[in-house]
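K.L.:
Quick one: structure below, then a few questions.
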Amino acid sequence: DRICTGITSSNSPHVVKTATQGEVNVTGVIPLTTTPTKSHFANLKGTKTRGKLCPNCLNCTDLDVALGRPMCMGTIPSAKASILHEVRPVTSGCFPIMHDRTKIRQLPNLLRGYENIRLSTHNVINAERAPGGPYRLGTSGSCPNVTSRNGFFATMAWAVPRDNKTATNPLTVEVPYICTKGEDQITVWGFHSDNKAQMKNLYGDSNPQKFTSSANGVTTHYVSQIGDFPNQTEDGGLPQSGRIVVDYMVQKPGKTGTIVYQRGVLLPQKVWCASGRSKVIKGSLPLIGEADCLHEKYGGLNKSKPYYTGEHAKAIGNCPIWVKTPLKLANGTKYRPPAKLLKER
C-alpha cells in the first residue's frame with residue numbers, strides 16, 4: 001500500500017497586517033475601505049438640508065436675506081443640516097457696508113447654525129420716537145421695496161433727525177427681548193457715516209460719532225469714520241458716497257440689550273428668533289439627490305464601506321470613518337504552501 005499525506009492549498013495574493021505576526025498571507029479578505037471620488041453635494045438622507053437661507057428669494061445673497069433687504073424677504077425653511085456655500089459672504093445691496101470693521105459677514109453663518117429661524121412680525125423698538133428724536137426713517141434709491149419705492153433693510157431703521165439737527169451726547173436705548181418661544185434673539189443694528197458736508201447736513205454734526213452695544217455679557221465699541229469715501233454702487237443701484245457699519249448682538253431669552261449712540265445710528269427693527277441646532281458644513285450648491293453623508297472635500301457620499309482613505313475633512317451624516325491606510329478583514333485561513341509528497345516506502 002501507499003500512504004500519502006498532504007494539505008489543501010491555493011495561491012494567496014492576499015496579505016494582511018496583524019498585531020502579533022506582522023504581514024500574513026491569507027486565503028481570503030474582505031476590503032473595509034473605499035477611496036471616494038468628488039461629487040456634487042446632496043440632501044442628507046432622513047433629514048432636511050438647507051442650501052440657501054431663503055430658497056425662494058431670487059437674486060439674493062444670504063447676507064441680503066439676513067439683513068432683510070426688501071426684495072429678499074421670505075421664509076427660511078427649518079433644517080437639521082445646512083450647507084455653508086458662501087465661505088466669505090458677498091456684499092449685500094441697498095447700501096455699501098464696511099464689512100471689515102465688524103463681524104457682520106458671520107451673520108448668515110450664525111443663522112445657518114439654527115434649525116428654526118424666523119423674522120419677528122413687529123419691530124423691537126419705535127425708531128421714530130427713540131431718544132434724540134423725533135426721527136424720520138432714511139431710505140435708499142438702491143434699495144427698492146415691493147412697490148418700487150425707496151426702502152431700507154427690514155432689520156434696521158436709519159434714524160435721521162427731523163428738526164433737531166444738532167450734536168448730541170451719547171444716548172441710550174434699551175432693546176427688549178420680543179421672541180415668543182424661548183428662542184435666541186439676533187438683533188441687527190449699525191450706524192451711517194459720510195463726508196463732513198453730508199454729516200453736517202443730515203445730522204448737524206460732522207465729528208466722529210461713538211456707538212456701543214451690549215448684550216449677553218458682550219460689549220462692543222465703535223467710532224465712526226468721517227471722510228471722503230469714493231462713490232460705490234451696490235448691485236447696479238445708485239452711487240453712494242456714504243458707508244454703513246452693521247453689527248448684531250445675540251440676546252438670550254428674557255434678556256434686554258442696550259445700544260448707546262450718537263448721530264447716524266441704524267436702530268434695530270425686526271429681529272431674528274432662532275432655536276434648535278443645525279449641523280453646518282462647507283459645500284456648494286445646488287443640492288442634487290440624496291446621500292448618506294456630506295463631506296467637505298468629496299460632496300455627497302453613499303456609505304458602501306465602514307472606512308475610507310483619501311482626504312480627511314469634516315463630514316456629517318452616516319459617514320464612513322477616515323483611516324490613513326486601507327483596512328482588510330481576513331475571512332479565510334492562514335495560507336500554507338503545498339506540502340511535498342512523501343517518498344514511497
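Each Cβ is built from the backbone N, Cα and C atoms, and glycine gets one as well.
According to Swiss-Prot, the protein carries these features:
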- Asn25: N-linked glycosylation site (CARBOHYD)
- Asn59: N-linked glycosylation site (CARBOHYD)
- Asn145: N-linked glycosylation site (CARBOHYD)
- Asn164: N-linked glycosylation site (CARBOHYD)
- Asn231: N-linked glycosylation site (CARBOHYD)
- Asn302: N-linked glycosylation site (CARBOHYD)
- Asn331: N-linked glycosylation site (CARBOHYD)
K.L.:
Would you count the other C-beta atoms found within 10 angstroms of the C-beta of Asn25 (N-linked glycosylation site) for me?
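P.N.:
There are 16 of them.
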K.L.:
Work out how many Å separate Asn302 (N-linked glycosylation site) and Asn331 (N-linked glycosylation site) at their Cα atoms, rounded off.
P.N.:
25
K.L.:
If you measure Asn59 (N-linked glycosylation site) to Asn145 (N-linked glycosylation site) at Cα, how many Å is it?
P.N.:
14
K.L.:
List every residue in the same chain as Asn145 (N-linked glycosylation site), at least 6 positions away in sequence, whose Cβ is under 8 Å from its Cβ.
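P.N.:
Listed in sequence order: Pro70, Met71, Gly151.
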K.L.:
Sort the glycosylation sites Asn25, Asn164, Asn231 by C-alpha distance from Asn331 (N-linked glycosylation site) and give me just the closest.
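P.N.:
Result: the closest of the glycosylation sites to Asn331 (N-linked glycosylation site) is Asn25.
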K.L.:
Given Asn25 (N-linked glycosylation site) and Asn164 (N-linked glycosylation site), what distance in Å do their CA atoms have, once rounded to a whole number?
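P.N.:
One finds 90 Å between the Cα atoms of these residues.
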K.L.:
Provide, as an integer number of angstrom, the distance between the C-alpha atoms of Asn231 (N-linked glycosylation site) and Asn164 (N-linked glycosylation site).
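P.N.:
Pair distance, Cα basis, whole Å: 28 Å.
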